[in-house]
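Some notes on the structure that comes next.
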């Protein structure tokens with residue numbers, strides 16, 4: 001079996017529950033693993049690390065997953081403070097979109113090809129190094145542009161780290177133990193999701209320094225203790241074929257269309273009129289990039305980052321489109337709830353992180369329950385519809401937020417949205433793993449993940465556009481003597497210091513109007529996702545199909 005198929009197998013076990021690390025080490029030390037013919041080429045048992053070496057490798061992979069997960073959640077509560085330092089609220093969408101754009105928009109497929117055709121260990125260390133460089137740039141950034149560039153570099157490196165973790169797992173333990181390793185990484189992701197808002201709130205603009213020692217330990221451990229088995233040797237191909245497999249043209253076109261889209265929404269109604277040549281030109285460029293990207297991917301066929309043959313299959317297309325809208329709504333909430341708490345409630349960054357635990361803890365618990373529930377219910381659209389409907393209701397309740405919303409309400413509403421997100425987020429990936437044949441599994445899961453991250457980048461930008469336009473419109477109407485750009489350039493946590501006592505309530509109300517526009521977008525996104533969920537296959541999954549997606553532990 002080539003490396004791509006091995007990668008497919010280890011991805012297919014992602015829903016397995018975590019088990020004790022001691023149990024894993026012990027079972028690995030016993031040797032004599034029963035490896036099936038299907039997985040025989042994943043490496044002989046004596047090539048796998050054992051004992052302390054295995055524990056160290058697993059620990060380093062958990063650190064790597066912690067890094068990737070933390071960077072998805074740490075920034076939300078830090079953003080309002082960062083806007084204070086840079087005096088620019090208008091760049092908020094870029095702080096999130098820049099990372100998501102390079103983290104998932106085609107580059108996961110590219111990194112997968114790197115791990116297939118080049119030494120795994122070397123390129124994993126390269127990915128960690130790139131991520132660390134991006135984090136360092138973010139940490140020392142003195143202006144928004146530098147921070148955005150750092151976020152983009154970190155996203156590209158983080159994409160390689162994420163793909164590399166799952167690839168190394170495929171060669172760090174025999175097939176029957178891989179679900180346990182994936183369970184550890186899954187648990188680590190949940191821990192990072194909980195700690196991210198707290199760390200971001202506590203360290204605010206210095207939060208990026210945290211990545212440096214963690215990444216250093218992870219890279220050092222892999223460098224010293226992980227020895228790739230002979231089965232992990234790079235796949236044979238000509239230099240030309242290796243280059244073509246990267247689909248760098250597709251990745252470039254995708255970057256072009258996302259940048260055009262983000263800039264159009266950033267300029268429109270804020271620094272330029274919607275009818276200006278700049279905005280119209282960017283929107284036209286966006287649609288031309290979309291057309292070019294689709295045409296190129298069809299032409300590339302099996303070399304494409306989005307293989308047309310796979311995307312036309314219902315279990316991938318419906319799940320991918322569903323997650324485009326669903327994850328878009330989730331990322332908006334992750335980035336704009338802290339702004340609500342810090343601007344309207346005057347919470348500190350760490351205070352807003354504590355308040356968001358009402359969202360993150362139910363999300364994590366629901367994600368754990370979801371794996372068990374899927375093995376019992378086995379009807380995928382039910383999860384999509386329930387999750388989307390709860391998200392729609394929860395965000396509808398978010399829309400009722402005002403400057404005097406009680407604690408009970410904002411806690412309860414977050415619990416609803418958190419549960420809906422955790423209940424649903426992994427279903428599309430599991431469904432792809434269930435139905436895709438082994439040779440297509442890595443590509444199938446990559447397509448679903450691609451749409452998840454692109455959805456985040458698109459909807460964060462749309463939310464920022466709506467927020468800024470409504471903020472400007474409201475201040476212009478209710479406080480005409482104040483230049484709206486002053487409110488935009490004032491950080492969310494500096495409202496009460498930057499404006500007079502008579503102006504503060506009006507500016508806070510303007511923030512609330514902008515946030516209501518943001519929440520309206522999440523209502524629409526969750527609602528569209530709910531409708532799309534009805535188009536999934538209602539055929540009940542078979543037990544052996546679920547075993548395929550959970551490594552035989554469903």
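Placement of Cβ uses the backbone N, Cα and C atoms for every residue, glycine included.
The transmembrane segment feature in Swiss-Prot is assigned to 54-74 (among others); the stated evidence is sequence analysis.
Counting same-chain residues at least six beyond the ends of the transmembrane segment (93-115), those with a Cβ under 8 angstroms from any Cβ of the stretch are 3-4, 7, 71-72, 75, 79, 82, 123-124, 127, 144, 147-149, 151-156, 158-160, 162-164, 167, 242, 245-248, 250-251, 254-255, 258-259, 262, 265-266, 305, 331, 335, 442-443, 446, 449-450, 452-454, 456-457, 460-461, 463-465. Look at Swiss-Prot and you will find 93-115 (among others) tagged as transmembrane segment, backed by sequence analysis.
Positions annotated as transmembrane segment by Swiss-Prot, on the basis of sequence analysis: 120-140 (among others). Proximity of distant same-chain residues to the transmembrane segment (120-140), defined by a Cβ-Cβ separation under 8 Å and at least 6 residues beyond the stretch ends, is recorded for 64, 67, 71, 111, 114, 146-147, 149-161, 163-164, 167-168, 171, 206, 208-209, 211-212, 215-216, 218-219, 222-223, 226-228, 232.
Residues or ranges marked as transmembrane segment in Swiss-Prot: 152-172 (among others).
Here Swiss-Prot flags 181-201 (among others) as transmembrane segment.
What Swiss-Prot records for 248-268 (among others) is transmembrane segment. Beyond its flanks by at least six residues, the transmembrane segment (248-268) meets 90, 93-94, 97, 101-102, 105-107, 109-110, 274, 276, 278-279, 282-283, 285-286, 289-290, 292-293, 296-297, 300, 304-306, 454, 457-458, 461-462, 464-465, 469 of its own chain at Cβ-Cβ distances under 8 Å.
Counting only same-chain residues 6+ beyond the ends of the transmembrane segment (279-299), those with a CB under 8 A from a CB of the stretch are 249-250, 253-254, 256-257, 260-261, 263-264, 267-268, 272-273, 305-306, 308. Annotated transmembrane segment per Swiss-Prot: 279-299 (among others), in sequence order.
Cβ atoms under 8 Å from those of the transmembrane segment (321-341) belong to residues 72-73, 75-77, 79-80, 92, 96, 100, 197, 201, 347, 349, 351-353, 355-356, 359, 384, 387-388, 391, 395, 398, 401, 414, 417, 421, 424-425, 428, 448, 451-456, 458-460, 462-463, 467, 492, 511, 515, 518-519, 521-522, 525-526, 528-529, 532-533, 536 of the same chain, restricted to positions at least 6 beyond its ends. The annotation transmembrane segment is assigned in Swiss-Prot to 321-341 (among others) on the grounds of sequence analysis.
For 349-369 (among others), the entry in Swiss-Prot reads transmembrane segment.
Sequence annotations record features per position, and here Swiss-Prot assigns transmembrane segment to 379-399 (among others) based on sequence analysis. Counting residues 6+ beyond its ends, the transmembrane segment (379-399) has Cβ neighbours under 8 Å at 322, 326, 329-330, 333, 370, 373, 409, 412-414, 416-417, 419-421, 423-425, 427-428, 431, 516, 519-520, 522-523, 526-527, 529-538, 540-541 in the same chain.
Annotation source Swiss-Prot lists transmembrane segment at 410-430 (among others), citing sequence analysis. Counting only same-chain residues 6+ beyond the ends of the transmembrane segment (410-430), those with a CB under 8 A from a CB of the stretch are 14-15, 319-320, 322-323, 326-327, 330, 333, 337, 355-356, 358-371, 373-374, 380, 383-384, 386-391, 393-395, 397-398, 401, 445, 448-449, 452, 526, 549.
A Cβ distance under 8 Å defines the sequence-distant neighbours of the transmembrane segment (518-538), meaning residues of its chain 6+ beyond its ends; these are 314-315, 318-319, 321-323, 325-326, 328-329, 332-333, 336, 379-381, 384-385, 387-389, 391-392, 395-396, 398-399, 401, 420, 431, 459, 462-463, 466-467. Residues or ranges marked as transmembrane segment in Swiss-Prot (evidence: sequence analysis): 518-538 (among others).
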